[in-house]
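So Swiss-Prot lists the following for this protein:
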type     : residues : note
COMPBIAS : 1-11     : compositional bias 'Basic residues'
COMPBIAS : 576-594  : compositional bias 'Low complexity'
DOMAIN   : 276-469  : domain 'Rho-GAP'
MOD_RES  : 241      : phosphoserine
MOD_RES  : 262      : phosphoserine
MOD_RES  : 539      : phosphoserine
MOD_RES  : 545      : phosphoserine
MOD_RES  : 586      : phosphoserine
MOD_RES  : 596      : phosphothreonine
MOD_RES  : 641      : phosphoserine
REGION   : 1-275    : region 'Interaction with CGNL1'
REGION   : 1-24     : region 'Disordered'
REGION   : 507-689  : region 'Disordered'
SITE     : 312      : site 'Arginine finger'
């Protein structure tokens with residue numbers, strides 16, 4: 001038994017990948033062998049297609065027409081529409097459209113149900129029979145033939161072995177071997193009968209298998225027609241659906257033809273402005289300058305040239321969206337956006353960026369880059385002029401218009417903080433960008449470098465707008481924005497005449513009285529008096545001019561949070577004279593003596609008053625008794641105290657410091673260093689006491 005199984009495994013192992021088996025290959029010709037190889041792939045194909053096609057059905061499989069239609073999603077949609085248009089006015093356009101849509105969805109659902117029923121009958125069921133009945137029967141008969149052939153071969157090998165054993169027993173002879181010979185002969189006869197029976201079965205199974213192969217080869221074309229019929233059914237379904245949709249659409253358009261021709265719907269069409277090429281936009285509207293460019297420029301010229309951070313600060317998304325819609329639908333009502341110059345600047349940048357081709361054209365991109373790479377200013381300017389002359393006429397006109405405006409904007413850089421460099425940084429990438437090419441990181445790096453060169457090109461165009469684009473320009477080209485007038489710069493002479501002169505009190509000529517020295521209390525000892533007379537270290541003084549002080553005060557004021565003031569209508573008047581120091585504070589009657597230092601109020605901190613760099617004058621020392629001369633030491637004259645001798649100079653110097661900001665401003669020489677009082681010898685103190 002184990003030998004038979006091992007032999008069977010060997011036969012299966014010898015079966016090639018082509019599907020040929022040694023049991024059946026000897027009975028089949030070359031044509032039938034090829035047909036046999038197509039059995040397994042055909043069975044798998046029919047099974048997979050049937051499974052996936054069954055999943056595409058939307059209705060209930062095997063149900064009748066009415067049940068199938070109720071389960072379709074299109075029928076559910078039709079029911080929802082029928083319930084919805086009952087609440088609407090049947091004479092309204094929406095009610096009529098919804099009613100028509102409900103009817104067409106119901107019709108499409110029935111067409112779909114018919115399509116699925118035909119698909120099941122003509123495609124799904126034949127494919128199921130082919131994959132589950134016909135081809136499995138042929139493959140089953142093939143396996144039976146293989147088993148019979150294997151058993152027949154095994155029986156033949158046993159028969160040959162038994163015949164060989166019977167011949168060897170006859171050659172040996174003997175009485176005892178006669179009985180063995182008879183048993184062997186009977187076994188051989190039995191094996192011959194079994195072999196004849198198996199041979200008959202093999203022949204019968206072989207004939208049936210060959211007939212199945214011939215039948216499959218003749219019906220293989222009809223099996224292929226299943227897939228052709230599938231496409232025909234689908235085409236017929238879509239054709240019927242399209243016919244129904246065309247009929248419904250024609251009827252729906254006829255019903256709404258009067259509504260479409262009403263005055264409300266025949267108003268000025270919603271013209272496309274953003275995202276359209278410049279040439280198409282100009283041809284459709286019959287303009288020389290693009291509508292967004294002219295409208296935004298006039299809005300900014302009206303109110304916005306002195307807005308700080310223009311084109312750099314972003315506007316609100318909702319305001320910008322509403323502005324773009326208004327510009328496309330009703331450009332005459334744009335004056336309401338004058339109060340938001342940042343939204344207007346954002347709309348201009350958005351238009352330039354959404355152009356299919358940049359305003360400075362992609363065809364001249366390399367020429368712009370070559371002109372920007374020139375180091376010599378004259379050569380670079382000449383190259384840029386040459387590239388500008390090769391622009392298309394509509395691009396040149398709009399670029400000239402825009403550069404003239406940006407040059408005017410740069411003239412207000414002291415107020416709006418937008419220099420030509422800042423304007424080029426924020427607008428350059430919107431005027432010119434490299435052509436889109438799919439590449440590696442190296443090309444991306446090159447694009448970033450080119451953006452820097454684009455900024456350089458735009459900056460030079462702004463700085464030399466009068467040279468590259470000579471002649472004056474009228475910004476109101478179309479005349480539809482007549483209500484937007486550019487801001488007129490006020491004349492400085494008229495402003496100075498209208499404003500009254502402001503008198504500034506000059507305190508520099510009035511000398512500040514020198515505080516009188518305060519006498520020390522009598523109870524203070526000599527040592528304490530000596531320590532109190534020592535000069536204290538003064539804080540370092542930083543000399544600032546009145547202009548620097550004013551700038552510092554304005555900077556500190558700018559850093560603090562404060563509500564935005566109303567926008568001025570004219571620039572502030574120019575100061576007629578330089579600022580002078582504030583007037584000296586007058587002491588009220590009954591206050592402390594002038595010698596006592598007073599603290600300044602907080603409102604004066606940060607003004608031109610500064611702390612003196614020279615210490616206050618020391619009080620005069622009380623008269624000391626004459627020292628007794630020591631007998632051992634020579635008599636030495638007592639020098640006068642340097643503090644006492646220098647006191648008048650210090651007083652004068654301090655007064656000059658307060659008036660003019662420092663001792664350097666009085667005489668132009670640094671002050672003489674003050675020597676501290678010298679300590680007296682301990683022996684002399686004791687003798688004096």
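From the backbone N, Cα and C atoms, a Cβ is placed for every residue, glycine too.
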Between the Cα atoms of residue 312 (site 'Arginine finger') and residue 241 (phosphoserine), find the distance and write it as a whole number of Å.
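About 56 Å separate the Cα atoms of these two residues.
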Can you work out the mean pLDDT of the predicted model over the domain 'Rho-GAP' (276-469)?
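Over the domain 'Rho-GAP' (276-469), the predicted model scores a mean pLDDT of 87.
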Return the residues near residue 241 (phosphoserine) by Cβ distance under 8 Å, restricted to its own chain and a separation of at least 6 in sequence.
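Result: 108, 111, 112.
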Could you find out if DSSP has residue 241 (phosphoserine) as helix, strand or coil?
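The residue in question, residue 241 (phosphoserine), is helix (DSSP, three-state).
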